[in-house]
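Structure, as structure tokens:
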Amino acid sequence: MDVVNSTARAAVTSATAVTAVTGTGDRHPNPLSSAVAAASDVANAHGSSSWLGLFARVVLWLLQFVSMVLYYAIKLATISVPTLLYTLFSTSLTVTMNATTLMLIVAAMIGAISWVVRYRYLNMYSRLPPEPQRKEPDVDLFPDTHEEGIKSGLSNYFDEFLSAIKIFGYLERPVFHELTRSMQTRKLIAGESFNLEEEKGFCLVVDGLVEIFVKSSSYNRRYPHGPYFSPNSEAPSSDDEHPAPGQQRYQLLTEVRNGAPMSSLFSIMSLFTEDVPLRHADEDNSEPGTTTHSGLFPNYPASADFRKSRVRMDSVPNTPQMDASASSSANNLPGQLDRGLPHVPPISLDGTGFSKPQRPVPKRSNTTSAHPDIIARATVDTTVAIIPASAFRRLIKIYPKATAHIVHVILSRFQRVTLATAYNYLGLTNEVLQIERQMLKYTTQQLPNHLRGDALDRLKEKFKREVERMGEEDDVSKGIALHNARAGRRRRSTATLRKEAALQAFSKQRNISSMSGSSLAIPNAGDLVTHLQQSRGGGNRAQSVAFTDGPSPHLDVEREAVSPLAQRTFDPFVTPRSIHVALEKRETLDEDNLFRESILECMFRSIGLTGSGGSNKDADSNQASPRLISFDQRRQKALYTNHAFGFMDGLDGSADGDTESITSAGLSLPASPNPQFLAQEMRDEMEIVFFPKGSVLVEQGERNPGLYYVVDGFLDICTQEDAAASDVVHPTSRTSLHAMDSAQSIRSPQRSPQPFAESMRSGNKVDDAEIKSKPNRRSVALIKPGGLAGYVGTISSYRSFIEVVAKTDVYVGFLPLTSIERIVDRYPIVLLTMAKRLTNLLPRLILHIDFALEWLQVNAGQVIFHEGDESEAIYIVLNGRLRLVEDRKDGGMNVKAEYGQGESIGELEVLTETSRSGTLHAIRDTELVKFPRTLFNSLAQEHPNITIKISKIIASRMRALIDDPSTMLGIKDSSGRSSINKSSTTLNLRTVAVLPVSAGVPVVEFSNRLLSALTEVGAPNGATSLNSAAVLNHLGKHAFNRMGKLKLSQYLADLEEKYGLVIYVADTNVNAPWTQTCVAQADCVLMVGLADGSPEIGEYERFMLGMKSTARKILVLLHQERYSNSGLTRKWLKNRVWINGGHFHVQMTYSPNAVPIHPPAKPSGPTLRERVQILQAEIQKYTSRKVRHSPFYSPDAPFKGDFHRLARRLCGKSVGLVLGGGGARGIAQIGIIRAMQEAGIPIDIVGGTSIGAFIGALYARHADFVPIVNAAKKFSGRMASMWRFALDLTYPSASYTTGHEFNRGIFKAFGNTQIEDFWLDYYCNTTNISKSRAEFHTSGYAWWYVRASMSLAGLLLPLCDEGSMLLDGGYVDNLTVSHMKSLGSDVIFAVDVGALDDNTPQAFGDSLSGMWAFFNRWNPFSSVANPPTLAEIQARLAYVSSVDALERAKTLPGCIYMRPPIEEYGTLDFGKFMEIYGVGYKYGQEFLAKLRERGGVLPIGEEMGGKKGLRRTMAPRRASI
């Protein structure tokens, strides 16, 4: 305590001193001194023993410490510091320093500042956040676990039966019950055989295994003509002997397993068309008492052959007897027919009949079996179900509408399965063309004689004047159509207006007939037309409305009262004074209409429409009944059609778009109409067209535009003889692009024939015009006047196997496909007639192939075969998509190939009898043709020439592998995995789904623009778009329920068969059935998102992932402006590992507000407007005329748009630009790009090497020429600076420079932009010297991989990327054309600017002195070539593989090789920027001009924009007469 007291006293003393200092001159007491005094008093009063005293002392100590601090602070500020400053400033200092020391100090300061700037400011590129390359994701596989041949669920009879009757298409419940209620089953023990010729019905295997055999070599020895025998020849009956199948008499065709039909497509057509006549007799020959077998068919003369055929069919055992009345009615024919007396037709001027008597068509064989020469043997105990023929006959009578639909489905599949396979795959050209040739005898109907004299001459004179008036610039070969003033009004009318017009016409005819009894004839010049009408109606009086025979003056009054466009109300019995009368304009129009009506009548009779049904009173009343006509118009809505504008049929029906059942019409289906009435109704749709000699009316491989009736002249049915051979020997680039990882993975090059497709992909070595001007055609048949061209292809809506060419100047009547399809919908007898004719004309070889081929329908994810399975069949894709995968050793899967429509799988394995090289599964629901190995073996033994076609196919695959080994070796990405060849995944796409990422994306507007771009680009066979409204309008409100599922699938399959590309627009809610349909039907899914929106995963993406779709998925980002911010694309791709098809940037203006994905329901106005726009776009393909005397391309060509770029990608027509390396010589590439842009050539994909990678990246970033010039010029200026090069030198341990200046120059051009943000697809290649391979980079920082691709060894350091060292890509491949081809590019512009090799011969001996070589280099008088230096040897060694790759690139199909004259410029001549740029620009202009002049293939050519459809449709150039 003494210490504390002493301390306190000292503190008091110091505080007193402070108080004295601070309190001087202040009268008021100091608060600090007062506090200290008070604390001291308290401490003294209480002492140290109490707590209060202790606290007071602590406070006293704190106050004393504060006072001491204040004291010293005030002293330092007021006394010490001023004193020190005064002393410092008053002192004199002298520093002595020499210049060396000063320079060293300044140098140190400059070095420090330079270090800060160099490593803290100028190398910002090295401090960018790491963004590694995006790995190409593996394709998700969700294969079905069901084994082949085992059905899901309970494998019972019902499942197997339903699987077998899928071949009939969609069957409603009543139709299904009617077809199966008389079905019988038959048990077969193992080894039991039975003759299918005795089975008059549809047979299918419910349980077990059956082998199908056909008569073999003994038949060929008896009939030595082999497969080329006449189909009408007599065949021996098989009733006399039934040898065992193991003998030589029979060959094994195929094996039929559970759920597969034993009957063929031909058998089904035979069962449905038993009672259909081959040729419908004219009305003049019809007897009033003839009857028909069913309500579907009109009265036709039943011959004795048909009656006997019916007797034989009705006497078949196990056939129900409920058709006794029908058979008895067939037998109770007039006696004179039974006696075979000749029938004398009445005298008439009607010339529609044949001028010479037609001999009856001989029967194919003595039996009417639907299974000729076929027997079956059960391998195991088997259950067979049989639907008798009587069930089919009963179905025709009860449900004729459903029957027509089934026949349509069967006929379509027969064309797609049997005929297409025989023609394209087996090379049976003669057999298929024989059908076309022999069909002419059924489709010939002559015009009336009075239309062949002066009337025909006047018609020719009109066309002659028009041809003379046309200029040389007009292409007459496209055809000149006769002007029809009513055609425009007809096109603008709807189905409802047509119905009202028809009713009005019928009512007027009845009114006239009631007033014409007491009339007088007032002849005038127009009576010629009425005379012709009288001639035409001479044989149709029984079917016409009852007119009186007296002349009528009311006719002329009516003619004056109404418009000339309504000239349907005239008296057909007014006779003219003279036929040689000068016709006025209106009468000329009437004569033209008369020609149209007469041609239509001949057409209708040729296709099976006759007026014989008019003799029936009920039929007459039906024709005149407005209620029934309206009902019939509505009835056609429920039929399946292949309309070009099939989705518009909803406007013809009810307002809600619903349709009635197929079976609702029942027995009310009217008989065949009167051809005259139908011709009057449709005459405005008929065109009379003139084609000069040599014009092509129908091209081989295209869909028939319609029916051509020859009025005068000759048409030649021919085939391109070497078309198939060229496809086999010289496969197109599309074929060579398939991803084949091994020789076992092959595919067929035989697709649907596409004329001139080869020339579009043959590079600049093929003259397209020369190919078109000199086709190698082989004539098949000649169509004379009265004949019909395009009958089979038009009625069946399938591609044409033939080519129709004008043999002479020809005048034809043309009825478009849409009109034909409407007729087929309303009158099913047209389909049945053609089916009957086909069954009568088919050669036996085609029939046997039809029995062996199997039509399969597999579900999405279902496995067709597994890796290592036995190769028992070849598969051909009808529609859908398949993927072949193989297992990797690490447990993953590699995609080997994808197969689309028309491609085949497994030929090599079947021929070599090896096991499958991979697992094949369906990406989506797919239809296949199964070509069994047993059929191939049978054909090889019986007809060895058939196997030549398949042998050529396999040889072409092997040749493609040899010519382009990269397709077999695959492409390695940066991780070393085998990436998926994109060409195989974008090749032959048939369906594309447009799916929004989330609600609010304008997918409807996007799909409309995409469809327009596809139309202009020229998608093969056209493109169409489907949304939910279109499907509901066409199929009704039950389209998406269980009942309509098969109906919807059949409708979608027909659309895929008809169009080259179908776009499914998911414009409904995320859980709607239509959204599920879009995803399930897609070969490729376009995920459309708004670039400015949130990159989070949307609800539609979750829905798609939940469906486990294995289709290709492409991300499409919509931008308001043509620019993408850096890093934006990476944010979208980061969470979407399932995007395995790349991404696209598309500029499309849209409202920033949320756009409802499914707008609320509105009246039919908007829907009608959308459909009218689509209709106009379709018509524009055929009516638009190209502007003459203009270049192929213009700078503002719309083909450079983003939608056109996406359309070319989907169609496999992408244009690639490959830029090679060459240092400063690469500046010439900028000039070539400018020339291409001015020529209007679009560029979709850019790839480059070295300096080409730099130029290509600049162009891909902006997709424009202007921005790249400035950036490239700045970079060239930096590279030309010697000071920068000198400052960048370093000790040459790894390179001569540090690479900083080089990096800085590239970074200033690109910044932190990533390759994903480039507007165009881009890649650059490098050489990975760590792993000794080439690598291609499509993601990551652009400057980084461009720098790596430009890293010249020795001059620059290699770049380290994920542990690997990357150098210049030119060491391996300086012109990456093969990789560009693998990305799916169709046409490739390759610009080579590399240095030329010095091939000077060397002879410096076995040893060489370095001193001699040095002096020899500087000796101007030496005649010995200078030996290469060490650096030159190393450089040549490095580029050895690149030279070989360059030579392969020059000869690659589809590659247009360009090399500007830049040999005089060096690698580092960057200072000559403008000079080199000018050389490239001038060369590009000259090269493209020469290419265009000599007809070289450019990416926008004549085949785009729908020009092919201009020549043969309703819109050839009209004659203004």
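Indices start at 1 and increase along the chain as displayed.
Using the three backbone atoms N, Cα and C, a Cβ is placed for every residue, glycine included.
Keep in mind it's a predicted model, so treat the numbers as computed, not measured.
As recorded in Swiss-Prot, the features of this protein are as follows:
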ACT_SITE  Asp1368  active site, proton acceptor
BINDING   670-789  nucleoside 3',5'-cyclic phosphate 1 binding site
COMPBIAS  316-334  compositional bias 'Polar residues'
COMPBIAS  738-753  compositional bias 'Polar residues'
DOMAIN    1217-1381  domain 'PNPLA'
MOTIF     1221-1226  motif 'GXGXXG'
MOTIF     1248-1252  motif 'GXSXG'
TOPO_DOM  72-96  topological domain 'Lumenal'
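Summarising the environment of Leu715 (nucleoside 3',5'-cyclic phosphate 1 binding site), the number of other Cβ atoms within 10 Å of its Cβ, over all protein chains shown, is 27. DSSP states for the motif 'GXSXG' (1248-1252), grouped as helix (H, G, I), strand (E, B) and coil, give 2 helix, 1 strand, 2 coil. In this structure, Gln700 (nucleoside 3',5'-cyclic phosphate 1 binding site) belongs to neither helix nor strand by DSSP; it is coil. Calculated from their C-alpha atoms, the gap between the residue listed as 'active site, proton acceptor' and Gln700 (nucleoside 3',5'-cyclic phosphate 1 binding site) amounts to 49 Å.
Averaged across the domain 'PNPLA' (1217-1381), pLDDT in this predicted model comes to 92. Under DSSP, the residues of the topological domain 'Lumenal' (72-96) split into helix, strand and coil as follows: 18 helix, 0 strand, 7 coil. DSSP classifies the residue listed as 'active site, proton acceptor' as strand under the three-state reduction. Cβ neighbours within 10 Å of Glu685 (nucleoside 3',5'-cyclic phosphate 1 binding site), excluding its own Cβ and spanning all shown chains: 23. DSSP gives Glu685 (nucleoside 3',5'-cyclic phosphate 1 binding site) a helix state. Cβ neighbour count for the residue listed as 'active site, proton acceptor' (all protein chains, 10 Å cutoff from its Cβ): 27. Secondary structure at Leu715 (nucleoside 3',5'-cyclic phosphate 1 binding site), taken from DSSP and collapsed to helix, strand or coil, is strand.
The DSSP breakdown of the motif 'GXGXXG' (1221-1226) into helical (H, G, I), extended (E, B) and coil residues amounts to 4 helix, 0 strand, 2 coil. Counting every protein chain shown, 21 other Cβ atoms lie within 10 Å of the Cβ of Gln700 (nucleoside 3',5'-cyclic phosphate 1 binding site).
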